[in-house]
Structures are given as C-alpha cells and as structure tokens.
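Visitor: Got a structure for you, questions after.
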Amino acid sequence: MESRNQSSASEFILLGLSENPEQETLLFALFLCMYVVMAMGNLSIILAISSDSHLHTPMYFFLANLSLVDFGLATNTVPKMLVNIQMKSKSISYPCCLTQMYFFHFFGIVDSVLIAVMAYDRFVAICHPLHYTTIMSPHLCGLLAGSPWVFSYFISLTHILLMVRLVFCGNNKIPHYFCDLTPLLRLSCTDTSVNKIFVLIVAGMVIATPFICILASYARIIVAIMKVPSAGGRKKAFSTCSSHLSVVALLYGTTIGVYLCPSSVRTAVKEKASAVMYTAVTPMLNPFIYSLRNRDLKGALRKLFSKKIISSS
C-alpha cells in the first residue's frame with residue numbers, strides 16, 4: 001500500500017538515439033527520408049493490390065495487411081522521434097507513453113502472427129496446389145487475417161493494464177527513442193515480476209510459436225520442392241517463397257535481438273539498434289523485397305503510377 005501512496009511520474013524523458021546535436025540533425029534527415037520511403041512504399045502496395053483485380057488473391061490480401069501493419073508500426077514511433085529532435089524536447093506524457101507502447105505491441109504482434117499466416121499460405125500453394133482455392137476460401141482468409149488483429153488487441157491491452165498498476169517514483173529518463181516495455185519496467189520502483197512473467201508468456205505465443213510454425217511450413221515446402229522433377233519448376237516454386245523468407249529473416253532476427261536475448265548480453269545500445277531495424281528499416285525494406293521479385297506486383301505498381309501521372313497531367 002505504501003507504493004500506491006508514492007507519487008508516480010507524470011511524464012518521461014526519451015533520451016533518443018543520440019544526445020549530440022550534430023548527430024541528431026543527421027538522424028533527423030535520415031529517419032525522415034526512411035519514413036517517407038516507407039510510407040510511399042507500403043501505401044503504394046496497398047493501393048496497387050486493391051485496384052488490380054488480378055491481385056485479389058490470398059497471397060496479396062495478406063501482403064496488403066502486412067503493408068498496413070508496417071505502416072502503423074513505423075508511424076507509431078518514427079514521427080514522435082522526429083518531432084522531439086526538431087522541437088528540442090524529449091518529454092512524453094505518461095498517457096502518451098502508454099498509448100505509444102500499446103500500439104507498438106499491437107502492430108508488432110499482428111506483424112509476427114501475420115508472417116506465420118503467410119507461411120501457411122505458401123505451404124498450401126506449394127504442397128496442395130490443386131486444392132489451394134478450396135482450402136484458402138474467402139472465409140478462411142478473412143479469419144486468418146482478422147484473428148491476429150483481435151488477438152493482438154487483447155494481449156496489448158493486458159500489457160497496458162499490468163503497466164498501469166506500477167509506480168514510477170524515481171528516474172524518469174528512458175534510454176530509448178520511444179516508450180518500450182523493457183526500459184519502462186527498469187524504471188519502476190514497484191514489483192514487476194508479474195509483468196516480466198507475462199512478457200515471457202507473450203514472447204512464447206507471438207514470437208516462438210509463429211516462428212516454429214514457419215519452420216514447420218518451410219520444412220514441408222522444401223520437401224515438396226525437392227520432389228519437383230524439373231530444375232525450372234523447383235526454381236519457380238522457390239521464387240514464390242524467397243521474398244517471404246527474406247521478410248522472416250529480417251523480422252525474427254531483429255525481434256529475437258530485442259526480446260529473447262539474455263539480459264547479460266543485452267545493452268541499451270543493442271536494444272536501440274534492434275528497435276531501429278524493427279520499427280524503421282524492416283517496414284521500409286518490405287515493399288522493395290516483395291515488389292522487386294514479383295512480376296505481377298511490379299506490373300500493378302506501374303499501372304498505378306501511370307494512372308496517377310495521367311490524372312495529374
């Protein structure tokens with residue numbers, strides 16, 4: 001009860017990526033460019049898929065959802081950092097901090113589960129091609145795409161409800177550029193054991209479990225591809241998965257670096273570097289990964305941009 005009577009922090013100080021003014025100017029220009037490229041890339045993919053009837057298939061439906069999630073994930077963190085650098089203010093109110101943390105986990109969880117859903121889609125397409133349209137029905141696609149959003153809503157809300165019960169009565173400086181769970185837990189002067197246990201449970205559900213499902217899907221996919229008699233057929237089958245595998249490597253490489261590395265080898269610098277990859281670099285690269293090696297998507301993007309040019313002229 002004593003901790004309840006202590007005054008909790010009303011705001012936090014986001015120390016950002018650097019406290020050097022010259023470095024901050026460079027970071028502002030770099031992250032502004034990255035954000036603009038990310039926004040244009042992901043929104044273009046969403047518009048191209050929605051406007052081209054040839055892309056109204058499960059694979060592109062899930063890709064449009066992924067682009068929306070990537071846009072939300074980057075928009076939740078990068079603009080606030082840019083504003084803080086420009087305004088020379090690093091403070092964030094307690095409610096805004098919790099809101100930012102909620103949406104970071106919300107989009108992050110959807111991202112992780114959706115990547116696993118896309119792996120299942122590739123598994124059905126390659127291992128059961130004759131039954132693909134039957135298995136991946138519009139009802140199942142809607143369920144597979146919608147469930148991660150509902151699931152993430154409740155998990156992220158639980159994180160916030162557990163965070164609200166904590167008291168922050170000492171240091172209010174967060175060595176990060178946005179409000180993340182782990183740095184906030186370190187600042188609390190009350191018992192955080194329940195929060196840490198829930199973090200481990202959630203990590204198992206939204207990181208380890210989807211990753212295992214992805215590995216299982218691709219194990220079956222590789223077996224199926226190796227049974228294809230022609231080298232051209234094997235190459236074509238693998239090419240449909242190469243973009244997704246690149247995204248998996250980017251996503252889980254950075255996520256594991258942020259949340260599953262032992263605390264003994266985890267530092268604030270490493271956490272920030274992994275978070276930059278996860279919240280800014282990966283959402284920016286995903287549109288290029290999917291569009292550069294996909295002939296249909298490149299065609300849809302060309303049609304989209306040609307329409308924009310004609311309409312503006």
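Each position is counted from 1, following the chain as shown.
Using the three backbone atoms N, Cα and C, a Cβ is placed for every residue, glycine included.
Whatever TrEMBL says is automated annotation, not expert-curated.
Grabbed the feature section from TrEMBL, which reads as follows:
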{"type": "TRANSMEM", "residues": "26-49", "note": "transmembrane segment"}
{"type": "DOMAIN", "residues": "41-290", "note": "domain 'G-protein coupled receptors family 1 profile'"}
{"type": "TRANSMEM", "residues": "61-82", "note": "transmembrane segment"}
{"type": "TRANSMEM", "residues": "102-120", "note": "transmembrane segment"}
{"type": "TRANSMEM", "residues": "140-168", "note": "transmembrane segment"}
{"type": "TRANSMEM", "residues": "197-225", "note": "transmembrane segment"}
{"type": "TRANSMEM", "residues": "237-260", "note": "transmembrane segment"}
{"type": "TRANSMEM", "residues": "275-292", "note": "transmembrane segment"}
Visitor: I'd like to know the mean pLDDT over the domain 'G-protein coupled receptors family 1 profile' (41-290).
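Guide: Here the mean pLDDT over the domain 'G-protein coupled receptors family 1 profile' (41-290) amounts to 87.
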Visitor: For the transmembrane segment (102-120), could you work out the same-chain residues 6 or more beyond its ends whose Cβ comes under 8 Å from its Cβ atoms?
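Guide: Contacts with the transmembrane segment (102-120): 59, 62-63, 65-66, 69-70, 72-73, 76-77, 144-145, 147-149, 151-153, 155-157, 159-160, 178-181, 202, 206-207, 209-211, 213-214, 217-218, 244, 247-248, 251, 255, 278-279.
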